[in-house]
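> Here's a structure for you.
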Amino acid sequence: MATITEAAPPAHPLRLSLRVLGNISPAFWTLVLLVVLWELAVQINQVPVYILPAPSRVAAEIIDYWPRLMINAGVTVSEILIGFGCAIAVGVPLAVLVTYSRVAERAIYPLIVASQTIPKVAIAPLLMAWFGYGLTPKIVIVVLLSFFPIVINSVVGLKASSAEMLYLAQSMGATPWQTFWKFRLPQALPYIFAGLKLATVLAVIGAVVAEFIGADRGLGYVIVVAGSSFNIARQFAAIIVISAIGMVFFVIIELLERLVVPWKNTAVVASE
Amino acid sequence: MNDMSMNVEAAAPVKPHIRISRVSKTFKGRKGDVHALSDIDLTIGRGEFVSVVGPSGCGKSTLLMLLSGLTPYSLGKIEVGEKLISSPNSDVGIVFQQDVLLEWRSALQNVLIQAEIRKAPLEAARERARELLKMVSLQDFENAYPKELSGGMRQRVSICRALLHKPPLLLMDEPFGALDAMTRDQLQLDLLRLCADNAMTVFFITHSISEAVFLSDRVVVMSPRPGRVERIIDIDLPRPRRLAMREDLKFTAYTRELTEIFKGLGVFREEV
């Protein structure tokens with residue numbers, strides 16, 4: 001008779017994220033230790049503030065400069081979000097096209113893959129020339145950087161349906177529409193989310209690099225301006241805020257995945 | 001429990017359920033054509049349980065695919081009921097060796113996909129799905145995800161899915177091939193019980209001689225390359241079948257006969 005050997009834990013997103021946070025704690029203490037060592041090293045050796053400011057100095061800078069940091073962070077975040085949204089809007093439908101059309105697969109897909117050899121940062125100045133110094137070139141760079149993992153993972157995911165599964169759908173008389181929504185797309189979701197998570201990291205990089213090259217606002221701009229006046233503490237302040245944005249962004253996608261793909265994290269197997 | 005018995009004479013009326021006439025299948029390969037099936041003739045009565053046994057590469061799975069209409073045949077004619085098979089036949093239930101469960105759906109939802117795709121009334125379908133799951137002792141696992149189920153439980157869910165819409169024809173392609181021996185025995189019993197309760201014709205592919213004898217009214221022996229029907233053997237054993245019957249002389253006489261046929265075909269080689 002069938003019995004469950006272990007009780008299946010409810011796959012509640014909150015509970016799972018708490019478990020992940022629990023695992024983070026040793027890493028957190030390592031980080032604290034490193035920051036303390038940094039502080040001590042700077043204090044003891046009296047490192048000049050224009051070379052390496054102590055963490056306490058950076059923290060003070062974050063507090064002092066908080067309003068300006070937040071205004072610029074808002075600019076960077078909006079570039080990231082709009083660009084990331086566009087990357088999804090372009091990437092996923094393109095993946096569907098490549099999956100369903102042999103012609104598209106052979107005519108477009110190799111070019112997408114080959115285009116990855118172009119260092120996108122190198123074409124950023126070109127984009128500035130074409131689109132000016134406003135929001136547009138930043139968004140274009142974010143899209144260029146982040147859409148590739150979205151496309152590739154979506155294609156792999158959409159093709160992950162086994163021949164048997166598609167036969168099964170056919171034997172039920174499924175329309176192509178039903179086959180897509182009820183079989184292929186859910187099958188692809190874990191892959192798509194893997195792509196999205198990769199893309200979050202690249203989107204942040206894209207936005208900051210674009211701001212390095214030509215901007216009058218944003219955290220990348222803050223770093224460039226602070227650097228030109230040897231304000232290292234402010235540079236660190238901006239870096240920390242950027243990192244925080246990246247982490248929050250990643251965690252949001254991770255939580256979204258747990259909501260949308262809850263079956264991925266239930267791994268308790270019952271036995272006969 | 002006497003109504004469980006199905007005898008061949010009563011189950012095979014004048015008009016057969018399946019008529020395969022002079023069917024051949026050739027696959028176009030890179031190194032020329034591959035003759036998978038050659039000149040297959042087979043007639044199956046309504047309600048009959050027919051197993052096809054043969055070594056790998058004898059085209060038995062291909063024959064099943066032709067019957068389902070999922071693969072077109074090259075020559076000949078296949079009729080199922082009144083229908084000439086020329087396109088996917090949605091009047092069947094299919095079970096593959098892989099259970100092909102949808103990981104994102106609970107056991108019950110996996111069975112119900114059959115009704116969703118067919119746009120059948122869901123309330124009645126849910127009731128029937130529950131009944132089916134109960135018949136294979138999975139009533140406590142309706143809400144479990146496939147990941148939480150053992151291999152045998154998964155395959156039972158996939159059998160329930162294949163039966164939800166009361167198909168007149170059940171196609172099974174080595175459904176128990178990936179299971180351990182004990183689970184396999186249990187699933188054979190489960191299948192026989194389901195067959196007794198759901199009047200239907202079963203076309204069952206297997207590698208196992210004893211499995212074929214245990215389940216079937218008739219066993220079709222196929223020889224490899226190109227696949228052809230070598231012999232058809234009537235299994236005259238009473239129903240309901242019991243596990244203990246496998247030790248009966250009559251049973252072992254059948255398995256011995258089949259083994260000898262395969263020896264004659266060069267499938268088994270015994271060194272002296």
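Just so it is clear, glycine is given a Cβ too, placed from its N, Cα and C backbone atoms.
I grabbed these lines from TrEMBL:
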TRANSMEM  A:20-38  transmembrane segment
DOMAIN    A:73-257  domain 'ABC transmembrane type-1'
TRANSMEM  A:80-100  transmembrane segment
TRANSMEM  A:107-133  transmembrane segment
TRANSMEM  A:139-158  transmembrane segment
TRANSMEM  A:191-215  transmembrane segment
TRANSMEM  A:235-256  transmembrane segment
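Would you situate these features in the structure and describe their surroundings?
Residues of the same chain lying 6 or more positions beyond the ends of the transmembrane segment (A:191-215) and with a Cβ under 8 Å from any Cβ of it are 76, 79-80, 83-84, 87-88, 91-92, 120-121, 124-125, 127-128, 133, 137-138, 141-154, 156-157, 160, 221, 223-224, 242, 245-246, 249-250, 253-254, 256-257, 260-261.
Sequence-distant contacts of the transmembrane segment (A:235-256), counting only residues of its own chain at least 6 positions beyond either end whose CB sits under 8 Å from a CB of the stretch, comprise 13, 17, 53, 58, 61-62, 65, 69, 72-73, 76-77, 80, 193, 196-197, 200-201, 203-204, 208, 219, 222-223, 226-227.
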> In the same chain, who gets a Cβ under 8 Å from the transmembrane segment (A:139-158) while lying at least 6 residues past its ends?
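Here the qualifying positions are 79-80, 82-84, 86-88, 90-92, 94-96, 98-99, 109, 112-113, 115-116, 120-121, 123-124, 127, 131, 184-185, 187-192, 194-196, 198-200, 202-203, 205-207, 209-210.
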> Give the nonlocal contacts of the transmembrane segment (A:107-133) in its own chain as ranges (CB under 8 Å, at least six residues past its ends).
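Sequence-distant neighbours of the transmembrane segment (A:107-133): 94, 97-98, 140-141, 144-145, 148, 151-152, 155, 206, 209-210, 213-216.
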> Apart from its near flanks, which chain residues at least 6 from the ends of the transmembrane segment (A:80-100) lie with a Cβ under 8 angstroms of it?
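Distant Cβ neighbours of the transmembrane segment (A:80-100) are 108-109, 112, 135, 138-143, 146-148, 150-151, 154-155, 157-159, 180, 184, 192, 195-196, 199-200, 203-204, 206-207, 245, 249.
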